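Report on the structure given below.
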């Protein structure tokens, strides 16, 4: 699996220390193991997890500004766990409403020795944080409108950002953004061996 990861990282132009590579592989191994009982992801093949979960998450890293982030609706820890591994100097709160997912994430945190994550079982609209976050990240979580509605209280004002990971560019959603939200950028992401488009939408308060 290390050979496959190295190959993907090379194509993506990403350089990581060996420890982070081993942590990423350890995460995939745990996800594969727990998935059989917990049904955490529809991706069953660990090699495909490297593409569709690991690379698909860490290509976002260069675009994140700040040091405190929350991954809302993290599911089995995506993109929060891979990002926390490759960005050990930042802090990530991983939030999900399902107990079985949070139990899995506790095991990941313990086995990989991740001390820069905090795990929260809660609905996003019921969760508050002080201080607020530099960035609110979501992947396959909801429409932009729902994300902004449910998470409006989480980023620092005015400099905090919303980072939404999408497939095809969501022009219909971008056309109806609230007046107090500014579209900062739409970034086309290149994920090696991944079929289909990937876009990162970056929004901030006006």
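Quick reminder: no glycine exception, Cβ is built from N, Cα and C everywhere.
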Site-mate of 73, 78, 124, 125 for S-adenosyl-L-methionine in Swiss-Prot, selected among 87, 139: 139
Most distant Cα pair in Å, residues 73, 78, 124, 125, 139 binding S-adenosyl-L-methionine: 19
Under 8 Å by Cβ from residue 78 (S-adenosyl-L-methionine binding site), counting only residues of that chain that are 6 or more apart: 53, 56, 57, 71, 139
